[in-house]
Amino acid sequence: MASRAFLLAASLMALTCFHATASDPSLLQDFCVVDKMSKVRVNGFPCKDIKDVVAEDFFFSGLHMAGNTSNKQGSAVTPVNVAQIAGLNTLGISLARIDYAPHGLNPPHTHPRGTEILTVLEGSLYVGFVTSNTDNKLFTKVLNKGDVFVFPQGLIHFQFNYGTKPAVALAALSSQNPGVITIANAVFGSKPSIADEILAKAFQVDKMTVDRIQAQF
């Protein structure tokens, strides 16, 4: 009886640990390079025949190049996920370079499938994230070169370059395809648009204000 209880407890602990640490599904072989020609639909991507795998499937070049920050937000994200490196399929990791013009912003957004750990390479950033309802607590920190900050999976977060010089950061994420939802774009720039009366009530503003904001997207 004690043995059964121990096995049950051990199984529950293993299951809890799996759900606490897993993001993408666990790997069942050395790698599973994306077969871009396959028409099979799976959660992720189908594997290329191992005989057709080459070194380039695990390679990307370009992170030494600054992104174009000449936009409204003054920031640019250069992603390196499974779309850029086919060999990342099933490995549960990706990264991105983020460039910030002076006073540039990586606006409030979420990654629905991955936790992010960000390292500042150049400059200084004011960063933060907000916890879920009902607390909605804001955690913020000023980061300088070499500093690291973590944004938990699914939580709204941002980075702002409050300095007068460009800034650069490198972010690693716990998913081959973490996804990104930019809050303002999703709410005010959806296609088709969310009805004015819904947004007006949600944000406690009039419909004309909603129209003006939607026109920016």
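Cβ atoms here come from the backbone N, Cα and C positions, even for glycine.
The recorded disulfide partner of Cys47, taken from TrEMBL and restricted to Cys17, Cys32, is Cys32. Separation of the C-alpha atoms of Asn106 (oxalate binding site) and Cys47 (disulfide bond): 34 Å, rounded to the nearest whole number. The predicted model assigns the domain 'Cupin type-1' (61-211) a mean pLDDT of 96.
In this structure, the CA atom of Glu116 (oxalate binding site) is 10 Å away from the CA atom of His157 (Mn(2+) binding site). Across the structure, His111 (oxalate binding site) and His157 (Mn(2+) binding site) place their CA atoms 9 angstrom apart. Apart from the site residues Asn106, His111, Glu116, the chain places the Cβ of Ala96, His109, Thr110, Leu118, Phe151, His157, Ala171, Leu173, Pro178, Val180 no farther than 8 Å from the centroid of the site's Cβ atoms, the recorded oxalate location.
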